Amino acid sequence: MSQSIMTEPALPPTEPSTLRPKLRLDGLTHEFRTGGAPPVKAIEGISLDVAPGAFVSLIGQSGCGKSTLFNIMAGLLQPSAGRVVLDGEDITGRAGLVSYMLQKDLLLPWRTILDNVIFGLEIQGVDRREARAVAEPLMDRYGLGRFKTHYPASLSGGMRQRAALLRTLLCNNDVILLDEPFAALDAQTRFRMQEWLLTLWKDFGRTVLFVTHDVDEAIFLSDEICVLSPRPGRIADRFDVSLPRPRGRNVVTAPEFIRAKERCLDLLFSGGQPADSEAA
Amino acid sequence: MTDNVLSDMPAAAQATSSPAAHLKRPLRRKGVVIAHEKSWKRSSIWTLQVGIFVALIGGWELATRLGLIDPFFWSSPSRIYNAFIIVIGEGTLFQDTWFTFKATIIGFLLGSAIGAAIGLSLWWSINAAAVVQPYIVVFNAVPKIALGPLIILIFGIGISSKIALAVAFTAVITALAAYAGVRAVDDDLVKLTLSLGGRRRDVFLKIVVPSAMPWITSSLHINIGLALAGAIAGEFISSQYGLGKIIMYAGSTYDMALIWVGIIILALLAIVLYGAVNWLEHKFTRGQNVKTI
Ligand SMILES: Nc1ncnc2c1ncn2[C@@H]1O[C@H](COP(=O)(O)OP(=O)(O)OP(=O)(O)O)[C@@H](O)[C@H]1O
Ligand SMILES: [Mg+2]
């Protein structure tokens, strides 16, 4: 107890919020223990400060613990060690304080798109009619207006993701976690969705943590990139992407983009796993 | 990959090194034309259905007139019609039909609701579910008709014993269906709700109940027949009213035509209930795949 008081300086309320991180991960470690099998250490000692309004991408090989890390941040999973700190407050193991979009779009099949979009607000206790009034203009503005009364089954993958993303953004949380939101989409839809996401990010002013397998996507979207090592996931490298915004499609040919990409790929594919000889 | 390797080799080597070279050539190499059955027009299906009905009735009547089958045992459409006119004249038919209908509907609604409540409530605790499950399975396997005499003794010969039997017939089916629905709930939807700050109550009301709904409504189709069977079984055992009583009485007096009158009215009741359940199903499972058993 006394230790946590020492590591967490009580910040005076007058201090401008830009000086302290929006979200701080402090030595997060998680071990899965299932039955008689030996425990699996998914992540180890992950510490990270995220500035308010930043767009941070996490990349790493499959199975390195990215979803585990998000589950912990979202309060769905109690870490073996470490803390999650939001606005200076320890929120480890508490759900509902950051918005989380899981790896699937997860729309409720029995609700119309409009009622899916307001689901988060509804869970937070907002009256249905009020929530609809908030959501409808946003759906019109962000290209979902035509689908309000449709059921999810009749929508394309891109539109379903938009609805799920809008639902995530609509919750009144400052931090949103997106776990490979565009992985299942074709390349063209993906492009459009990335631009759409940046528009929303700008409009809503949220802090975004974004998991992806796609290095180009990470560089195109982010202010900052964290590369995780293979399991157990640790932060292997962290760097800023200072390409000016708004970034056009041709940014992929910019020298800084290429340098960033090389840096990521080197880390991902030389990533110190002797058994993984193909990747080397 | 394999293609690249092969194309680098001389043609002769390719033929012998093909992994399937030692297999006998299949006999048929023309491919298979997939046969599709064209669906008929709705009107033709309907015409055919009516045609079959008319042919059956006509054939039955004809066979009795020609003496091919014994009308004493099999009755005939004209005799059934006459019996129908007579019972309508007596004025008790409506009362008996209403009695059976009421017992069936109330038993159906009560039984389905109780069953759904039991099945859904098992979601709240996996341990409670594990404890209760064998009881449900055993009660499902016991022939509920065996409870008949007991229920009549407890509830009397009035409508409540018929309702109780209809409940006994229907509740377990819906309980099992609802429980199957509960177990099939997508864990990720639960996770989503929790990540949004939802409590178990939210998960239950907004995820578990709606996703179990198609399972519950599918059991309702079966419950129509079961509720009718329960009500009729009660009337068979002991009753002052009801179609079951009419059929039982007709049987004891060898009035085959009257038996058929009872059966036909039961069939009409079943059709009405079936329509109502289909409507309900449509209303409660929008956007979801309907699970039909
Ligand atoms: N419930 C669990 N029980 C045991 N081991 C688990 C469990 N969940 C995840 N793991 C293990 O933890 C490791 C990290 O899993 P996680 O899902 O976080 O990876 P990921 O980085 O999100 O992978 P992907 O990119 O494929 O989504 C994996 O090796 C996985 O096998
Ligand atoms: Mg994952």
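Using N, Cα and C of the backbone, Cβ positions are placed for all residues, glycine too.
What you are looking at is a predicted structure, and each value in this text was computed from that prediction instead of being measured.
Look at TrEMBL and you will find B:10-21 tagged as compositional bias 'Low complexity'.
Residues or ranges marked as domain 'ABC transmembrane type-1' in TrEMBL: B:93-277.
As annotated by TrEMBL, region 'Disordered' applies to B:1-23.
Annotation source TrEMBL lists transmembrane segment at B:46-68 (among others).
Away from its own ends, the transmembrane segment (B:105-124) comes close to residues 132-133, 136, 159, 162-182, 185, 200, 204, 208-209, 212, 216, 219-220, 223-224, 226-227, 230-231, 273 of its chain (Cβ-Cβ under 8 Å, at least six residues beyond either end). Here TrEMBL flags B:105-124 (among others) as transmembrane segment.
The annotation transmembrane segment is assigned in TrEMBL to B:136-157 (among others). Away from its own ends, the transmembrane segment (B:136-157) comes close to residues 118, 164-165, 168-169, 172-173, 175-176, 179, 230, 233-234, 236-240 of its chain (Cβ-Cβ under 8 Å, at least six residues beyond either end).
Residues annotated as transmembrane segment in TrEMBL: B:163-182 (among others).
Under the heading transmembrane segment, TrEMBL lists B:203-233 (among others). Listed as Cβ neighbours of the transmembrane segment (B:203-233) (distance under 8 Å, sequence separation of 6 or more from its ends, same chain) are residues 100, 103-105, 107-108, 111-112, 115-116, 119-120, 123-124, 144-145, 148, 162-163, 165-170, 173-174, 176-178, 180-182, 184-186, 189-190, 193-194, 242-244, 247, 266, 269-270, 273-274, 277, 280-281, 284-285, 288-293.
Residues or ranges marked as transmembrane segment in TrEMBL: B:257-277 (among others).
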Inset, instruction - For the transmembrane segment (B:163-182), could you work out the same-chain residues 6 or more beyond its ends whose Cβ comes under 8 Å from its Cβ atoms? - result: 103-104, 106-108, 110-112, 114-116, 118-120, 122-123, 129, 133, 136, 139-140, 144, 147-148, 151, 154-155, 208, 211-216, 218-220, 222-223, 226-231, 233-234
